[in-house]
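Asks: As annotated in Swiss-Prot:
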- His474: active site, proton acceptor (ACT_SITE)
- 7-36: FAD binding site (BINDING)
Amino acid sequence: MTTREFDYIICGAGSAGNVLATRLTEDPGVTVLLLEAGGPDYRFDFRTQMPAALAYPLQGRRYNWAYETDPEPHMNHRRMECGRGKGLGGSSLINGMCYIRGNALDYDNWATHKGLEDWAYLDCLPYFRKAETRDVGPNDYHGGDGPVSVTTSKPGVNPLFEAMVEAGVQAGYPRTDDLNGYQQEGFGPMDRTVTPRGRRASTARGYLDQARARPNLEIVTHALADRILFSGKRATGVTFLHGSARVTAHARREVLVCSGAIASPQLLQRSGVGPGEWLRELDIPVVLDLPGVGRNLQDHLEMYIQFECKEPVSLYPALKWWNQPKIGLEWMLNGTGLGASNHFEAGGFIRTRDDDPWPNIQYHFLPVAINYNGSNAIEMHGFQAHVGSMRSPSRGRVKLKSRDPHAHPSILFNYMAEALDWREFRDAIRATREIMRQPALDRFRGRELNPGADLKSDNELDTFVRARAETAFHPSCSCKMGYDDMAVVDNEGRVHGIDGLRVVDASIMPIITTGNLNAPTIMIAEKIADRIRKHKPLERSNAQYYVANGAPARGGKPARAPAVV
């Protein structure tokens, strides 16, 4: 066993850990050890670097932890996929590259919780801007010199994108020119974490590339954190496995857990911090009985509403092996073409009922009919909407099953446990069908492939959801921030009752945000990095933002009325 000492030890080189490693080592007198269980982000591996290849990392275990849930009781007892990134970049190395920050009211809602007043939207917006370089330039909402490259969809891409946005507007919903700007609500172009050269903009590329050569940062890959070490109620270091060696590293200041919503509570529990009854089941000495560790687990569930496309404009030909070498060559040489996009270039957020204070349904539009992980491709030209509810009241948990750090934990999201879940998914299917019936899609829209136009009743739609809904890969909230009995960390990510230990990742969200989670996770890390460094917080923004204030969910009648059921 070998022993080393650093000021900070970061467990997990993902969306948050790479931010912290980069920001903390900007101070040359600070030493940081960054541990990552996976390997490097190989820049010549098209599976992680080509945006259009986003499905490939989910099909293996090189870059994916490939967790599975316990049988989900409300989803036909299916064991459901729970892919998380493994390697430098974490889940930003394998995600769908959709840059969505969430709704302003998500953060204003966080700030209504006691002790979280400094997490209001206008307090968070400066940190979103700090992290970002947007290709069309900065403004009150977007940054121009941050580590994360953000590309905005341009006119003239696949005609299905423009048609689907226009169909949403014809159905009576708003149009928005920026889902991360003044108004999230509505349909419009979607920002993506893609570089100007058409490469995935993971946090390994954006952040670590700035910091790799610093003498005060040591990055160790294939390093699996076993447990956090304590002296009384103070974290003093980490024991990790590196090859055949067990290594101990000591932290002079803090241990920073950035392992994500599944592995962060798993590491805490394995180290003796968590629900006492769970720890005693595995004969783990209890350092602190903290009941919220692993509880409050949340995710976004989504379904694919798929249609045949009457015109040959979908991405269906790109799925054929004989067309892929040309696509790959253009991407590799020029950074352009079909390979340079994740093809989630349009989407939207709507309220399905007037009394919803902010959007409860998200859309990703895709000009092909296929599962997110590349499976079940429809053998014809098609298109689809990924549709799901945003703030499910259902809550799950992550529970340790073994003291072995290689063993996966027990994961139960408890999807669709509440009546509101079912109402929102039925509403979403019916709203989507109405959108797809609008004149803008007449030249493209063929028959409905999924769920199938013959499924109309509540019971039929519920049966479809149970059998076909899937994760959107947004686990969060399992080490929530706050000050109630189930809170795990305070407003600066410090674990309650323990000195020298923080959790900084999507697990500390008190409530899941409206949209994808990569951008909010980066923001959280940027904000807490300033707290760790004892920097003055960035000046609060004075940007304006949209609040519905009871306005109708639709501004007008649909161009084409709903079909009679």
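The count begins at 1 with the first shown residue.
Note that Cβ sites are derived from N, Cα and C of the backbone, with glycine treated the same way.
Note that this is a predicted model, so its numbers are computed, not measured.
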Asks: Inside 10 Å of the Cβ of Asp7 (FAD binding site), count up the other Cβ atoms and send me the figure.
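Replies: Step by step: centre on the Cβ of Asp7 (FAD binding site), count other Cβ atoms within 10 Å, giving 17.
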Asks: Could you state the CA-to-CA distance between Asp27 (FAD binding site) and the residue listed as 'active site, proton acceptor' to the nearest Å?
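Replies: That separation, Cα to Cα, works out to 32 Å.
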Asks: Between Ser15 (FAD binding site) and His474 (active site, proton acceptor), what is the CA-CA distance rounded to a whole number of Å?
Replies: 13
Asks: Report, in whole Å, the straight Cα-to-Cα distance of His474 (active site, proton acceptor) from Thr31 (FAD binding site).
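Replies: Thr31 (FAD binding site) to His474 (active site, proton acceptor), Cα-Cα distance: 32 Å.
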Asks: Could you tell me which of these binding-site residues, Ser15, Thr31, has the greatest number of Cβ atoms within 10 Å of its own Cβ?
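Replies: Per the Cβ count within 10 Å, the most buried is Ser15.
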Asks: According to DSSP, which kind of secondary structure is Val19 (FAD binding site) found in, if we only use helix, strand and coil?
Replies: helix
Asks: Just the number: how many Å between the Cα atoms of Arg23 (FAD binding site) and the residue listed as 'active site, proton acceptor'?
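Replies: Between the Cα atoms of Arg23 (FAD binding site) and the residue listed as 'active site, proton acceptor', the distance comes to 25 Å.
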Asks: What does the structure give for the C-alpha distance between Val19 (FAD binding site) and the residue listed as 'active site, proton acceptor'? Integer Å is fine.
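Replies: Their Cα atoms are separated by 19 Å.
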Asks: Quiz question: given the binding-site residues Cys11, Val19, which has the greatest number of C-beta atoms lying within 10 angstroms of its own C-beta?
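Replies: That would be Val19, with the most Cβ atoms nearby.
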Asks: Looking at Cβ-Cβ distances, which residues of the chain lie under 8 angstroms from Leu35 (FAD binding site) while being 6 or more apart from it?
Replies: Ile9, Ile10, Cys11, Gly12, Ala13, Val220, Ala223, Ala225, Val238, Phe240
Asks: What's the CA-CA gap between Asp7 (FAD binding site) and His474 (active site, proton acceptor) in angstrom, rounded?
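Replies: Spelling it out, the Cα of Asp7 (FAD binding site) and the Cα of His474 (active site, proton acceptor) are 31 Å apart.
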Asks: For the residue listed as 'active site, proton acceptor', which residues in the same chain are close in space, meaning a Cβ under 8 Å from its Cβ, but six or more apart along the sequence?
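Replies: Non-local contacts for the residue listed as 'active site, proton acceptor': Asp299, His300, Ala506, Ile512, Asn516, Leu517.
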Asks: Tell me the Cβ neighbour count for Asp27 (FAD binding site), meaning other Cβ atoms within 10 Å of its Cβ, over all protein chains shown.
Replies: 12
Asks: With every protein chain in view, how many other Cβ atoms are within 10 Å of the Cβ of Arg23 (FAD binding site)?
Replies: 24
